[in-house]
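*Asks:* Take a look at what TrEMBL says about it:
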BINDING   152  ATP binding site
COMPBIAS  352-371  compositional bias 'Low complexity'
COMPBIAS  550-567  compositional bias 'Basic and acidic residues'
COMPBIAS  581-599  compositional bias 'Basic residues'
DOMAIN    122-484  domain 'Protein kinase'
REGION    348-371  region 'Disordered'
REGION    429-449  region 'Disordered'
REGION    535-673  region 'Disordered'
Ligand SMILES: Nc1ncnc2c1ncn2[C@@H]1O[C@H](COP(=O)(O)OP(=O)(O)OP(=O)(O)O)[C@@H](O)[C@H]1O
């Protein structure tokens, strides 16, 4: 094996015939023996080899895995049982583990006589959600002290894919120019795009992808994510009244703004911001943006946000480069921005005099709404609109634009103004009416706004729900808006501590990824590992998207800079509380397995989010205190904010009924699906 490696490396060329011959040889070697060293060597020692047209999630480890799979899957009859050790790789660019081998097992539970499904190291507990494309399960990672994770199981192909394939001429030859959607089928393309997007993301207010289990021999792809135990944000009662207090809504908004700001910096337009895609952590202190199923990567936006020198190589991933999706109507109708549902046949200046059934009689709105003459560009501003619709929903328990049919909703979004009820939030604060500064007027300077909650939030809403995308408020302005910073002791501190650059400093350096890779991949093959790493370094030149020189950091910025992302998030929150006793010393790169200490569950729960920046020492922040004060449903109703299944999962986990005291590996049955 070593001789081959040396030979390829020295010659530097790559004859296809040699490749075919080699594949034939490799196919006869048990797959467990050829991974991962050979597959890696195949790629890195063949720099001239063109990337195959069906590069999937784009980053080279997947490409590598595809090559390995091409070889491995040629021996389709290999028994699953003989596969040997799991084949997992860390993607050095983002730390997400890519596993291209699935082992299905099951175990009967001694207590309830349930059968536990096990996929690789993940023990499946309960289904916590079901989306359009797949199901999401609560699972536990047996290799990480039974840490809870969410596993999204998605079928590669669905019925519509098959129908589409039948309609197309399936025998047309593939060329490098064949669109990826045609090569992969639209469902698989969507999953791979979602994965490629999620792999780029690492932020405290964005759900983190931990592992992708993608075995070409199975029809499902598994996305292992951090588990958000608090479930979706519940925002309205059955009778369409708000469920959240106004200050709770503001805290949620602050988290979402920070998450969105990061997404946009990464060039990602989420396209489906709505309460159902905002998930609470188990302690309900932090909200994270989830569901990137219809998200799009915009290279132009990434360039504009990050600057040329800061673009990573994986930003040119072919699956991400397809921006044609942007013009398509995707997302949830009531949250769509006017520029998405633009209709050129409509008059461009529309006089509307609509009043919603919820508006007060003093608010007979007469307004001239201008829609642009030309089809406006679809940009990240659509997320800001959707955020505005979300804010409206959280405040009032209803949505600003509604109608009976989808077509009618789009017309309302394009042409009509919105109105407001007299009160907002569960605490029924007065709104003061839709136009605090007079009908149609919006002060240029926030300081001229009346200093009331109602006047400020109306101003923010009217800037978010601005029909002309070019005039819509930017996220940076939203962050500084007086309603967003209203209850902060020091808005300047908050703005400084939540600066985007602070998260970007957490990007792993080459040294960290190198050590992470060598500890995971090449512990048993150091020489090959070193050679591969040095080749990779040449292939992926060092970029400037790294920590800026330390002398420019102020003291607060220093906190958490070297920590592993999950810990750093907490450190950032600890910093925001200003409580130095919570600060965690640096442990160096936690990516180096076994080094540094992982935080205990108690520590994780103790940490606070930006939400509670005002929490006073000794008085723990409790965003859900309202549930206990008698005016609102009692503690048991607290569970109403969880999905039924999540509540069920929680109580079963608490009672211990779904986790035996010991975990004997009884009756491991391989049930390949
Ligand atoms: N990381 C997570 N932690 C906890 N629950 C989750 C997580 N991710 C998703 N869920 C739950 O599963 C549900 C479905 O997940 P998701 O929205 O990602 O699936 P989907 O197929 O993309 O759905 P959609 O139809 O909205 O596109 C969510 O509404 C949420 O309740």
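Cβ coordinates come from backbone N, Cα and C, glycine included.
Because TrEMBL annotations are produced automatically, they should be read as predictions rather than curated entries.
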*Asks:* Under DSSP, is the residue listed as 'ATP binding site' helix, strand or coil?
*Replies:* strand
*Asks:* Taking the Cβ of residue 152 (ATP binding site) as the centre, how many other Cβ atoms fall within a 10 Å radius?
*Replies:* 25
*Asks:* Over the domain 'Protein kinase' (122-484), what is the model's average pLDDT?
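*Replies:* 83, rounded to a whole number.
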